[in-house]
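For Gly112, Ile132, Gly133, Asp134, Tyr135, Val136, Leu137, the entry in TrEMBL reads S-adenosyl-L-methionine binding site. Among the features that TrEMBL reports, domain 'tRNA methyltransferase TRMD/TRM10-type' is placed at 1-224.
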Amino acid sequence: MRIDIITVLPELMQSPFNASILKRAKEKGLVEVHFHNLRDYTTGNYKQVDDYQFGGGAGMVLMIEPIDKCISQLQAEREYDEVIYMTPDGLTLNQGIANELSLKQNVIILCGHYKGVDQRVRDMFVTREISIGDYVLSGGELAAAVLCDAVIRLLPGVLNDETSALTDTFQDNLLAPPVYTRPSNYKGQEVPEILLSGDFPKIEKWREDQALERTSKKRPDLLK
Ligand code: 6GU
């Protein structure tokens, strides 16, 4: 998979891609992530990427021309499956969307900033608009990093057995069951005996029951 991220703040988002699972995915050649600084696609001497909005009002809007230049240049180099715009008024990200995107070859992610982008960018280029929840961030960069993490860890070969995505919370619309490690007794707090029994069919059944119970207590909406 190849991901091209267009942003005015590449430095805000690069570090998550250089640690842990995302780093390993890159090193294994399972994903390529390229950052494009919008300022590199400006024409004038001032490297202007934003301007006041027509009709008045507070806040700057990202201009269409540098975004068009950047996206058009990328699209001339290869076919893209999606141009995703990160915006709080997009569709809320969930595991289903992450699963779907993990099957794509080439994806562009455009990060909004300030008051967002000129509407014509959304009309002309964007195939999908994604939010990461009902709260406002200063820009789409951290949201794009969240999206990339959720997607990249699903690529075949990124996770090993121990970190398998199959047992994740949300994989079957269920929260994951509780987990424990040594010591089996900590200051009187015991690990459930069943987990120490070695009876694996019983343990599996216990985990399923716990997942269901946890979900109905904490997230009954997921069971509907
Ligand atoms: Cl994608 N962008 C911004 N600016 N704020 C958000 C968001 C995105 N998702 C949730 N809040």
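Yeah, the Cβs are placed from backbone N, Cα and C, and that goes for glycine too.
TrEMBL does not curate its annotations; it predicts them automatically.
Known features from TrEMBL, placed on the structure.
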{"residue": "Gly112", "record": "S-adenosyl-L-methionine binding site", "Cβ neighbours (10 Å)": "26"}
{"residue": "Ile132", "record": "S-adenosyl-L-methionine binding site", "Cβ neighbours (10 Å)": "20"}
{"residue": "Gly133", "record": "S-adenosyl-L-methionine binding site", "Cβ neighbours (10 Å)": "11"}
{"residue": "Asp134", "record": "S-adenosyl-L-methionine binding site", "Cβ neighbours (10 Å)": "7"}
{"residue": "Tyr135", "record": "S-adenosyl-L-methionine binding site", "Cβ neighbours (10 Å)": "7"}
{"residue": "Val136", "record": "S-adenosyl-L-methionine binding site", "Cβ neighbours (10 Å)": "7"}
{"residue": "Leu137", "record": "S-adenosyl-L-methionine binding site", "Cβ neighbours (10 Å)": "16"}
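Close to ligand 1, meaning a Cβ under 6 Å from one of its atoms, are these of the binding-site residues Gly133, Asp134, Leu137: Gly133, Leu137. Annotated S-adenosyl-L-methionine site Gly112, Ile132, Gly133, Asp134, Tyr135, Val136, Leu137; additional same-chain residues within 8 Å of its Cβ mean position, judged by their own Cβ, are Pro88, Ser131, Ala143.
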